[in-house]
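Chemist: Questions regarding the structure given below will be posed in turn.
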Amino acid sequence: MSLTALLVDGLTVRFGSFRAIDDLSLAIDYGEVRAVIGPNGAGKTTLLDVISGITRPKQGRVLFDGAHDITRWSESAIARAGLRRKFQKPSVFEGLTVRQHIAIGADVGFRSRLDAPALEDRIGEVLETVGLAEQGERLAGQLGHGHKQWLEIGMVLASDPRVLMLDEPVAGLTDEETERTARLVRALVRPDRAIVVVEHDMDFVERIADRVTVLHEGRTLFEGSMDKVRADKAVVEVYLGR
Amino acid sequence: MTPITRDRPFLLLVALLVILSVAMPLLTGTGLAPSRYLTNAIGQLAAFAVLALALDLIWGYLGILSLGHGLFFAIGGYVVAMYLLKHSFVVTGTVPDFLQFMGWKEFPFYWAGFEFFPYALGVAVAVTLLVSGIFGYVSFRSRVGGVYFAIITQALVYVAMLLMFRNDTGFGGNNGMTGFSVILGQPMGTSGMITALAVASLVTLALVLVGCRWLVGSRFGALMLATRDDETRLRTLGYETLRLKLIVWCLSALLAMLAGMLYVPQVGIINPRVLSPELSLEIAVWVAIGGRGHLVGAVIGALLVNALKFWLSSAAPDVWPFILSGLIVLVVLVFPNGLMDLAKFRLTRPMGPKRMEPNRMEPNRMEPNRMARGIGEARP
């Protein structure tokens, strides 16, 4: 197993004449929580879109596990390879119960490959982790915003992903919910898993991130620990402000 | 979803269908037997209910609106009509009208074998799967959805209508096909045969209803709802939604075909009017009125609207289009879930906490503007 989970190499994404991502290169290792921050339009979500197969890049590669260029793979093939993503806007299935979400996330296929008790165990375990054990039978459409965020994290977590992408996991959450989410994200760290978080909440980023990549106009502006990010003049100027 | 054993509306409807299918033949000859007209109407309504289930499966549960399901209904109808004409010809020697009109001495070559029912059935299935499979694959692969898909299906059924209006295709042209006298070796038009066809339709409806209920309650059914609610989300969880949509689409087409095969022997005629856009639109109205994403609702919608139509089109044929349009407006503006909204008012209020759980399908409660969802979602 390679130490680098994702190697983004010379990536360029264009929408018309606009370069959403401009010759971007970065490496994300197994075992780390990487935060990607930057002003609106910096290319954060676009980067996740490329990694999850929703957007095709103009140029460049994304190597998963050091070997596979996934930029031509379909969304579903990428997900089956172990790269899972929570979307910015909580994306859950309003008509299904919480348990059904985890069952869908845990096992890919029109028929379940896990036997019933194993699946039940897995569902219970995941619901416990994301703190929704009490809500199992509720319909996702009836959940509050915070619970929807956790449900989606649970759903992508259920398959034990190698790469976990979280797009604004604390947007719209209360302070208490943010705190809980931070503990959750740290609890998901494993030596064989990379976690990529896009977020605007700097205190949250500071709590969870091992390293921070600051994007600006589709390029890396700075990379390092949160302390160093806060001290960097260029970052303060374009993003953090003072 | 409510477990089957507690799904009262579903169990009641299945019980009713079973009772009707058993009672109708038993009552034959007694004073209690329904009239030929009523028996025939029940049979036709059952065929329409199968058609409504076909559309509900793809629209209510998968969020894909088809305004061209008349096409698959017509495939079933035309094929069964070909069987009936050829079979009647073989048994009685009666030359079908359309051959005489065209001055043809014999059946076109592609009519060969249609006197055998299993062959005709095989052809109907094959043609339906071919048309729905190719059309579905091309559309879903290029991720055509929502309103665009609905318009294309409407165009498809219209093109088919224009084709069938031509007299030289060997399918009866604008007059269609009629004069069926023998089915499976038995004379048609007798009271016994009318009852038999009605019972066959009722039994088919019951089986299709149970099958659909099993499907939507399964893991596959959960994936259908997931596709409806957020297809991109499901795809990025590793699922091939193209395959799932194609499977349900073809299944829905087959059910519509089956409805056509049941319907035509009971009305005794088929012509290109079944391919008119109006019929295909009307199917969507039945389902919308009954409540999308609710199997029992689709059946009730089909029964109510058609019963009303049977009655009004003889009592006051001129007002029928206005009544139908009025119903649509009412559903869109006031009851976005159709009758399922009405059921809520009635059953939850007066009975208080000891409710019947008429509608636990909360997710399908759609605000009026979500009615258009599944219609309006363009993907970049």
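All residue numbers here begin at 1 and follow the chain in the order shown.
Positions of Cβ are set from backbone N, Cα and C atoms, glycine also.
Annotations per TrEMBL:
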COMPBIAS  B:354-380  compositional bias 'Basic and acidic residues'
REGION    B:353-380  region 'Disordered'
TRANSMEM  B:41-64  transmembrane segment
TRANSMEM  B:71-96  transmembrane segment
TRANSMEM  B:116-140  transmembrane segment
TRANSMEM  B:147-165  transmembrane segment
TRANSMEM  B:194-216  transmembrane segment
TRANSMEM  B:242-263  transmembrane segment
TRANSMEM  B:283-307  transmembrane segment
TRANSMEM  B:319-339  transmembrane segment
Chemist: With a Cβ cut-off under 8 Å, give me the same-chain residues at least six positions beyond the ends of the transmembrane segment (B:71-96) that come close to it.
Modeler: 51, 54, 107, 111, 114-117, 120-121, 123-124, 127-128, 131-132, 153, 156-157, 160, 164, 171-172, 176-177, 179-185, 188, 252-254, 256-265, 270, 274-275, 279-280
Chemist: Have the transmembrane segment (B:242-263) and the transmembrane segment (B:194-216) got at least three CB pairs under 8 Å, pairs 6 or more apart in sequence?
Modeler: yes
Chemist: Near the transmembrane segment (B:116-140), which residues from the same chain, at least 6 beyond its ends, have a CB less than 8 A from one of its CBs?
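Modeler: Cβ under 8 Å, 6 or more out: 71-72, 75-76, 79-80, 82-83, 87, 149, 152, 156, 184, 242, 245-246, 249-250, 252-254, 256-257, 261.
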